[in-house]
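Visitor: Among the features that Swiss-Prot reports, transmembrane segment is placed at 50-70. Summarising the annotation, Swiss-Prot assigns topological domain 'Extracellular' to 71-551 and lists a curator's inference as the type of evidence. According to Swiss-Prot, the feature domain 'LDL-receptor class A 1' maps to 124-162. The annotation disulfide bond is assigned in Swiss-Prot to Cys132-Cys152, Cys146-Cys161, Cys199-Cys214, Cys218-Cys231, Cys256-Cys267, Cys274-Cys289, Cys314-Cys329, Cys373-Cys391, Cys381-Cys404, Cys440-Cys455, Cys458-Cys471, Cys465-Cys484 (among others). Annotation source Swiss-Prot lists domain 'LDL-receptor class A 2' at 163-215, citing sequence analysis. The domain 'LDL-receptor class A 4' annotation in Swiss-Prot covers 255-290 and rests on sequence analysis. Residues or ranges marked as domain 'LDL-receptor class A 6' by Swiss-Prot: 372-414. Marked as domain 'LDL-receptor class A 7' by Swiss-Prot on the basis of sequence analysis: 418-456. The domain 'LDL-receptor class A 8' annotation in Swiss-Prot covers 457-494.
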Amino acid sequence: MSQQPGSDRRVNFAQEEPMTLGEKISHRMDQFKEMVSSGCCSCASRCPSVAIVLILALVILGILAAIPLTLMLTSSAQRMSTDSTDLSPYSIRHPKFWPKTDKIHFNDLDGIPMSSLFPPNVSTCSGFGFACTGAVHMIIPSSKRCDGIKDCQDGSDEENCKECQSVFSCRSHVEEDSKTKRKTKVLPTLICLTAEKLCNDVQDCPDGSDESVCKSTCSKDQFKCTGNNACLPTSAKCDGVNDCTDGSDEKNCNECQKGAHKCGKQCIKASHVCDGVAQCADRSDEKECDCKSCSGSDKALCEDGTCIKRTQVCDGKKDCTDGMDEENCPGSCSIEAFSTKTKQLTCSDEKRYTESEACSGVVEACEQSCPKCHPKLTFTCPAVGGSQKRCIRRSKVCDGINDCDDGADEKNCTPIKECGIENASQFTCDRKCLDASRRCDGVWDCEDKSDEQNCQQCSSGSIRCAADKKCLPAYTRCNGVAECSDGSDEQKCSCEECLGAHSNTYMCNESNRCLKRDEVCSPYSMCPNATYTDKAYCAALVLKNSGRFPY
């Protein structure tokens, strides 16, 4: 039988052996390799098929692993956001009337108990007021929220307002209805405006309503300002805010409105009541306050309801009843340690000093506050005309400068040329001629203090530095300044020697050392063997300098 032409080119599939599983996998990998090399990367043709497949598998596994990790991070961020409401750097409360003291949570200062930095009867009313969006550590009182005045640097206190405390408000924007194409007033928030923004030829409201309140005739529930013809609601009268340019809306007020406080016939606006600054002569606008009214990062509330500035806490001046704002402050010691007989004076700087310090001539603010000048340390300038007598330090006598109004401190002075002629024991210093009795008496008559050096002994009531052979005035003992080279005048100080005799001093917690309060931190505590409280006080000053803390 003869073959048909072309029959030799037919393939007999029945005779072909099937591929194994491994051959199929290898075949698929070769196909994938060919696709990659021809589609995106020609260099893949030189790589083994197995390597390419393994790389692809690792990429897929990485993507799958990233999905649960992303979900975990998102959940953690939400949880942290919820917990962040506890960021309260000023949570100082009286242990009897407020919750337990919280801790601050700022940077490496975490864990410092604020109770060690504030008196126990003074609160900062944590949780009250409005936290500025751009600076959460800056808190403003609720009375300044949505009042038409930007108190936060970012103006966030005037954003998203649902209700205004200002005299005028308008809708924040006007949206168009997409179906009717008509403008409909959609009011998610309000714009709060003070009276000075009305009728000033500047459109602040989207609908221009702030420029349309000036009318010839006002409605029954309005009154007209004579200065700019603005029609304002009657509730704007006697609210402590001059809404009319001539102030006529705040004259002859028998009663005050909108939370304003009455002083005589004057109304103090609500935002100035319980703000730590007395507007009334009797300070009644700062009494009977609570945390809602006395809130803010610069305020402090005394247990008796007095609102004070936070800078007034532990400043050496009693602002709360019975001086509770000065009790148990860092660097203080027990009040029982002071002698009840120690007299104190309030000088022209409104700070209190012991009479011995105030009348020794070293505090200029007290020169006219003393009933009697120290007979040894000072010179008494007589009262002349309407002036009061003054106590000046003795080194100012015969220095060529008239410190007394009548020049009494420069009278009866021996000229330098005649010094030692009639009295051989006289000596000179700083263009002065002094008697020998003025040497080594524990009083600095010379500005360079040379009259108290090279002393074998000192007068009674003074201090002798054995290492330096010099005499010091008694008031220099434990004043925070080491006059002796060995520091012996500042060692083993008692509470009364430190705080009982000096102002503006800091008593180290356990080392019986006194330091000047403005020098105790540099920036860390300079106290020997500084305690937790000493360190916390200096940490507080770090926060203060960054605008984030109490004092």
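Cβ atoms here come from the backbone N, Cα and C positions, even for glycine.
Each of the listed features needs to be described in terms of its position in the shown structure.
Guide: Under DSSP, the residues of the domain 'LDL-receptor class A 1' (124-162) split into helix, strand and coil as follows: 6 helix, 5 strand, 28 coil.
If you take the C-beta of Cys152 (disulfide bond) and look for same-chain residues 6 or more apart in sequence within under 8 angstroms, you find Phe130, Cys132, Thr133, Gly134, Ala135, Met138, Ile140.
Cβ neighbours within 10 Å of Cys161 (disulfide bond), excluding its own Cβ and spanning all shown chains: 19.
Around the Cβ of Cys214 (disulfide bond), 16 further Cβ atoms fall within 10 Å across all displayed protein chains.
Listed in sequence order, Val213, Cys214, Lys215, Cys218, Ser219, Gln222, Phe223, Lys224 are the same-chain residues at least 6 apart in sequence whose CB falls under 8 Å from the CB of Cys231 (disulfide bond). Reduced to three states, the DSSP call for Cys231 (disulfide bond) is strand.
Residues of the same chain lying 6 or more positions beyond the ends of the domain 'LDL-receptor class A 4' (255-290) and with a Cβ under 8 Å from any Cβ of it are 141, 143-144, 147, 165, 235, 237-241, 296, 298-301, 305-310, 312.
Other Cβ atoms within 10 Å of the Cβ of Cys267 (disulfide bond), summed over all protein chains shown, number 25.
Following the DSSP three-state reduction, the secondary structure of Cys274 (disulfide bond) is coil.
Neighbour count (other Cβ atoms within 10 Å of the Cβ, all protein chains): 21 for Cys329 (disulfide bond).
Residues 356, 359-362, 366, 426, 430-433, 441, 443-447, 461, 473, 475 of the same chain lie 6 or more positions beyond the ends of the domain 'LDL-receptor class A 6' (372-414) yet place their CB under 8 Å from a CB of it.
Taking Cβ-Cβ distances under 8 Å and a sequence gap of 6 or more within the same chain, the neighbours of Cys391 (disulfide bond) are Cys359, Ser360, Gly361, Cys366, Glu367, Gln368, Cys370, Cys373, His374, Thr378, Phe379, Thr380, Cys381.
In the three-state DSSP classification, Cys404 (disulfide bond) falls within coil. Taking the Cβ of Cys404 (disulfide bond) as reference, residues of its chain lying under 8 Å away and at least six apart in sequence are, in sequence order, Cys381, Pro382, Val384, Arg390, Ile392, Glu410.
Secondary structure of the domain 'LDL-receptor class A 7' (418-456) per DSSP, as helix, strand and coil residue counts: 7 helix, 6 strand, 26 coil.
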Visitor: Roughly how many Å separate the Cα of Cys329 (disulfide bond) from that of Cys289 (disulfide bond), to the nearest whole number?
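Guide: About 23 Å separate the Cα atoms of these two residues.
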Visitor: Taking only same-chain residues 6+ apart in sequence, whose CB is under 8 Å from that of Cys484 (disulfide bond), what do you get?
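Guide: Within the chain, Cys484 (disulfide bond) has Cβ neighbours under 8 Å at Cys465, Ala467, Asp468, Lys470, Leu472, Glu490.
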Visitor: Using only C-alpha positions, which one of Cys146, Cys161, Cys199, Cys274, Cys314 is spatially nearest Cys455 (disulfide bond)? These are the disulfide-bonded residues in the record.
Guide: Cys314
Visitor: Taking the Cα of Cys458 (disulfide bond) as the centre, which of the disulfide-bonded residues listed as Cys199, Cys289, Cys440 lie within 10 Å of it?
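Guide: Taking Cys199, Cys289, Cys440 one by one, the ones whose Cα falls within 10 Å of Cys458 (disulfide bond) are Cys440.
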Visitor: Would you list the DSSP helix, strand and coil counts for the residues of the domain 'LDL-receptor class A 6' (372-414)?
Guide: 6 helix, 8 strand, 29 coil
Visitor: Around Cys440 (disulfide bond), which of the listed disulfide-bonded residues (Cys267, Cys274, Cys471) come within 10 Å, judging by Cα atoms?
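Guide: Cα filter at 10 Å returns Cys471.
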Visitor: According to DSSP, how is the domain 'LDL-receptor class A 8' (457-494) divided among helix, strand and coil residues?
Guide: 6 helix, 6 strand, 26 coil
Visitor: Round to the nearest Å and give the CA-to-CA distance linking Cys146 (disulfide bond) with Cys274 (disulfide bond).
Guide: 18
